[in-house]
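Annotated features, as they stand in Swiss-Prot:
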- 129: active site, charge relay system (ACT_SITE)
- 204: active site, charge relay system (ACT_SITE)
- 228: active site, acyl-ester intermediate (ACT_SITE)
């Protein structure tokens with residue numbers, strides 16, 4: 001069977017599994033570009049179900065505990081909305097609702113008998129990215145040749161969530177290989193942005209993000225090696241965190257290039273609130289259960305006191321490689337004014353090294369084997385590379401390196417980390433408090449979104465994978481791109497020293513991004529995830545109050 005035939009059958013299998021009662025008339029919505037209102041207006045969900053799907057994960061658990069809601073009712077509501085979302089934006093690669101229903105029924109039965117919740121996610125419908133191992137369910141990593149691969153066990157993270165009472169019922173799309181800032185594969189097709197289907201959903205956790213945005217699930221455990229949690233969250237206006245990578249157990253997760261551990265995968269939530277973000281991150285920190293897990297460091301979750309007094313925040317507007325579009329800069333300046341109005345302090349921060357050198361080091365580290373794992377997996381069926389991956393090879397090359405060269409990359413990474421640490425420490429000279437900044441704010445990407453197959457610059461997120469600094473994505477409430485506030489920066493002359501700045505600059509037209517949400521990235525120091533969350537919560541309260 002050809003790869004095209006395999007892909008066609010796989011996509012049809014997912015769509016056919018959706019119950020008839022939750023099917024949309026495709027002709028009715030084909031011309032829509034903003035589909036965010038369809039779940040509420042299509043008539044499939046009752047008013048009660050719409051109210052359920054407006055709940056955060058913590059609110060679902062509270063309603064179940066107070067007996068206002070059952071796990072089965074929660075799954076029915078979110079399951080219906082997930083089915084609608086998939087038909088609008090193509091976000092699923094597996095649908096196993098009946099399995100989820102059995103889980104929910106067991107939770108309800110147990111709670112009725114004992115009056116005790118199974119755990120902090122009791123009855124919460126949680127979608128899982130393709131990447132996660134779920135016993136008996138397909139894990140493809142977006143490759144046609146892996147269509148029939150089914151692991152025999154849950155990954156460590158999935159086990160943690162299952163033990164906490166999460167209900168699993170579907171898996172979401174990711175791009176071929178996972179190494180793309182857009183979610184598209186030959187196997188599953190293209191996942192669309194619900195705010196503008198002509199724009200990218202982000203990647204690699206694009207299926208997760210669009211499903212959360214359309215409220216088919218309140219939260220997802222997403223993964224990030226170069227921006228894969230943060231970029232999709234940003235392009236869909238959501239909350240997210242990329243924790244310090246060593247804090248999260250990753251045993252049993254899929255990875256074609258698993259031998260590369262110099263820049264480590266991280267896992268964290270995409271969700272609708274800081275409260276869910278904090279609760280979920282604490283849960284997947286998984287201490288003390290992870291004390292013998294070789295993929296993480298057993299660090300207890302710290303109790304951090306609420307912040308009193310003045311915050312000091314570093315502002316990094318751009319990295320001297322790719323100039324962000326005007327609305328990205330405006331969102332940062334808006335955040336700065338909001339903080340200063342509330343009595344906090346914001347100081348300028350510059351990265352203390354060449355960020356173009358840093359991203360080249362990052363990609364050289366990712367692909368020390370010269371893409372051999374990816375290419376051999378494609379050769380099994382003859383499927384082609386997706387454009388996003390081809391672009392990365394054109395820019396960064398495809399060369400297998402020696403052991404000595406690999407060691408030199410590790411030396412460079414260590415030097416980058418030392419320089420960044422020293423620059424952060426040196427902010428004591430800039431702040432009125434005499435202490436280093438509490439966090440940095442910076443762009444997540446050079447734009448609020450991108451057209452499909454645009455060659456996107458990863459540097460604003462991948463930098464913090466190289467350094468292994470935790471970072472949070474915060475939505476900027478009531479902030480929309482418009483020509484009056486965000487005119488084209490006609491006086492800016494793009495840099496010729498890299499292949500990204502000029503195309504990024506030439507792309508910008510305010511009307512192209514008028515429906516896109518805006519976000520900022522908040523960065524903390526390694527293993528200070530709890531402190532970062534507290535700082536981000538203060539900022540979130542201020543931004544939502546504006």
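The backbone N, Cα and C atoms fix where each Cβ goes, and this holds for glycine too.
Here the features listed in Swiss-Prot are painted onto the structure.
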| residue | record | Cβ within 10 Å |
| --- | --- | --- |
| 129 | active site, charge relay system | 29 |
| 204 | active site, charge relay system | 33 |
| 228 | active site, acyl-ester intermediate | 34 |
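Across the structure, residue 129 (active site, charge relay system) and residue 204 (active site, charge relay system) are spaced 9 Å apart at their Cα atoms. Reduced to three states, the DSSP call for residue 204 (active site, charge relay system) is coil.
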